[in-house]
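A short worksheet on the structure shown next.
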């Protein structure tokens, strides 16, 4: 039992695990499909955003005043767009690699990993990603004049700040100087070269391919969504940073072009108007004063009068009065105007002044940016720590849930085992019930067999009576012929009489129905050994009717009675097995219209069938029949009344007699009617009781009669042999007169003839036979006599 339970449990566990694996695979495939859809949507959105930004930048650049400069801006924007798209394509490749690695891990169905190590590796990877793309915090603070002027218009990355080293010398987060010492420039170049070499070495050392990253990550299937969401957030942050960088670069280029345009306009003005020059010398000589005055007062007439061509107003008579003061005042005004213009221009463009106070403001701004960036990174770190704590809590909750599930599984397993035990008990009960039914069927069949046996015995009794009568007649004929015929003829006559005396066996007709009853009768004839084999086979063949004869056509004509019975049993025999017979035996009960005696006969027949099948031992006959007979009684009162006999040492036959008596008493007590009805009922019941009594002692009486008939037959044979020996001699007394002739017979001591003496002996035999025939014809009278004798 334990092995079967263990095997069933193992099978169920395997089936449950296979189902869980299938569900996991289906769930992971769905997640992969969703991730791929998200990736495609991200790609489309990013491409759209980049195209929109590039179009906006181009539109902004086209709004500028100078068309030639706009063309250059478009080219630079396209280059930046190409770099941005390249950067985004690399990100998408990384995401695809992550998805492939997760798919591999899903196929493996790895167990729970260490979440702490996974989060640490994620943080490490993110830092490296930022460091490779130049977005880390500033590791060093730039000194005064730490960035030199490069001739190429490029953007270079360092550990600290993104620097635009253009021709015009604009820098973000550092100082730029037009004039530097050559020694200092060499030192700065060397330092920059060393920094670049160091950055390259560190990048090569710390460079991690997507495959190595995925191998180190070892992400769980349950954390896929979280990790992908984090990666999407990082990608979005990186895209925002790239957008900001692009916008800052465009703004820088716009400001640079505006600055160049303003400087050009200023130079043009200074070249056209020499008075707007910064360093104007005061006119000392009169010739220079005259020239200036002519330029200013070009409308003076040749006569020297001071009249304007367009105006009629008269100016001062002395135009050269206070000329020195006016020229100086004009120069001062021009210088003030230029300074105001430069300040307004710087305010409008937000351009830093390349002086020490201006640089200090830029340095402060850079430091503030660094501090803000460090704060942001600290906040990011705190957020990651919170995420780690959440992940740990999730892990703890997952463990608790897993323990609960394991406990539930154990409870379910116990309940399943209990149910299996109950199922087995139910199966055993069903088997027991089937066996009981078979036993009941066997008892019923045994009852039928007993009935058939009774019929056969009756037939035998009739046959024996007929034989006795035949023998009597034959003896009478022999006595008459003995005197007439000689001895040898008498002997031959005796032999012939022996052959005639056997007769023909009586076999009931069989038409394919009730094969068991017919078979019992034939077996009884075979076992009696009263008829030779050829007569039995001929009688069996003659008893068959209709289609039943065709079943024996395949057999030889010389087949024995046993072979004929086997063939007929194969065709018409019962198909019930031992289990069905047991079920019939144990499920049978007394019918309401069935008497106790009939019920007992049916139980015996069913039991006899089981004995033939070998299912029940004959040693337990008494106990099994008693128990089944008592339990199958229909009336509860009768069952309670017979409980004592059931529990006692009485045999089945005694118990059956007692039940019959008790049943008769109950029937007589239950019927309370008038005196006429009681008398009528007594007359009716009296023969019924006699019939029941005859049924009880049926087998015993038949057997006793059979023995008596056999004894009589033996006595007749002895008488026959003695009569043959006494012939042919003279003898006084009991024997015949041997010397005489004719029909004269000698007398014995009593003076009587021997034939007369034999007739006197046969008289009691005749009386017995006549009594038996009378009993068969009217058994009621014999039963009444027996009751009166009792």
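Glycine residues also receive a Cβ, built from the backbone N, Cα and C atoms like all the rest.
Check TrEMBL against the ranges 52-78, 79-105 and you find region 'Disordered' recorded for 52-78.
Applying DSSP to the compositional bias 'Basic and acidic residues' (362-378) sorts its residues as follows: 17 helix, 0 strand, 0 coil. On the 0 to 100 pLDDT scale, the domain 'Paraneoplastic antigen Ma-like C-terminal' (508-645) averages 84 in this prediction.
Sorting the domain 'Paraneoplastic antigen Ma-like C-terminal' (508-645) by DSSP state (H, G, I as helix; E, B as strand; all else coil) yields 95 helix, 2 strand, 41 coil.
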